[in-house]
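Asks: Below are the features I grabbed from TrEMBL:
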- 1-254: domain 'G-protein coupled receptors family 1 profile' (DOMAIN)
- 17-40: transmembrane segment (TRANSMEM)
- 60-79: transmembrane segment (TRANSMEM)
- 100-122: transmembrane segment (TRANSMEM)
- 142-167: transmembrane segment (TRANSMEM)
- 198-217: transmembrane segment (TRANSMEM)
Amino acid sequence: CTVIFTRMATKDLHKPISILFCNLAFSDLFTSVSGFWISMLFITNPDITIFGSKDMLAPYALYTTSILSTIYNLVSIGIERYLAVAESMRTRFRVARSHSIAVVLINWVLAFLLGCLPLMGWNCLHMRRNLSVLYSPFCVNYLIFIAIPNFVVAFTIPLFTYLRIIIILRKRKLRMKACGQATGTYKSAEIQVARTSIFIWLLALISYAPFFAGVIFDAANNQCQTDLYPGVYIFRNCTAMLITMNCLGNPIIYTLKAKTLGAKLKALKCLSASRGRACTI
């Protein structure tokens with residue numbers, strides 16, 4: 001909420017990256033609220049979170065939707081940062097506010113569509129086969145359908161975008177150095193991007209890898225709920241806590257560091273425009 005109010009109070013809300021940051025904060029808030037809903041159900045009636053119930057469909061669906069929205073927002077921010085650097089020397093394309101709004105809408109529509117599939121009938125309420133042990137009444141094949149593609153997307157696309165940003169900055173620094181021009185701005189931006197991308201990867205790995213491992217275990221497991229109680233369900237609750245930590249870490253990485261990173265990228269764009277005639281790139 002602090003991130004949302006701060007972003008709305010500043011004058012930079014019209015910038016495309018600020019719209020993505022605000023949307024990421026909304027996704028994190030949505031994740032926290034749905035996680036709190038599940039926690040209250042666990043406190044009031046823990047049996048339905050273990051053996052499954054119709055009452056768990058809606059909170060699990062909203063929780064899945066919020067997680068997917070967060071993943072898509074993180075990927076969108078990485079792509080926007082890449083375009084901001086890769087296209088800084090060109091004038092034919094710029095990420096506009098309308099592009100960011102369209103991306104936000106697409107992210108939420110896709111997240112709601114995939115996250116609410118159990119509410120539309122893809123659940124195992126009335127059949128005991130293919131039933132998820134950790135997230136009953138979800139089906140195992142639904143969890144695999146959701147987890148594996150999005151896990152790949154969440155880790156491969158940011159890897160490509162941030163590595164490309166670092167490579168582009170390094171190449172421009174070497175070309176400017178060959179022309180005898182100062183490269184301090186490029187070196188500073190390269191260090192900042194590399195440091196931020198490392199934080200992003202560590203936070204995403206710590207937050208989502210245990211959940212993905214739980215889905216794989218769920219797919220390979222043949223035991224019933226009573227045989228796995230309580231150890232596996234403690235692990236499940238820990239994965240939910242790690243996802244909540246991701247919601248707390250995103251504002252630190254993206255909002256508190258965004259001003260510095262944005263200033264570096266803006267300086268790069270101005271520097272490239274003024275020195276484009278002096279050095280052929």
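Every residue gets a Cβ built from N, Cα and C, even glycine.
Heads up, TrEMBL stuff is auto-annotated, nobody curated it.
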Asks: Any idea what the model's mean pLDDT is for the domain 'G-protein coupled receptors family 1 profile' (1-254)?
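Replies: A mean pLDDT of 79 is what the predicted model shows over the domain 'G-protein coupled receptors family 1 profile' (1-254).
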Asks: Which residues, given as numbers and ranges, are at least 6 beyond the ends of the transmembrane segment (17-40) yet have a Cβ under 8 Å from it?
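Replies: Cβ under 8 Å, 6 or more out: 1, 3-4, 7-8, 10, 49, 56, 59-60, 62-63, 65-67, 69-70, 73-74, 76-77, 80-81, 84, 97, 100-101, 103-104, 107, 240, 243-244, 246-247, 250-251, 254-255, 258, 262.
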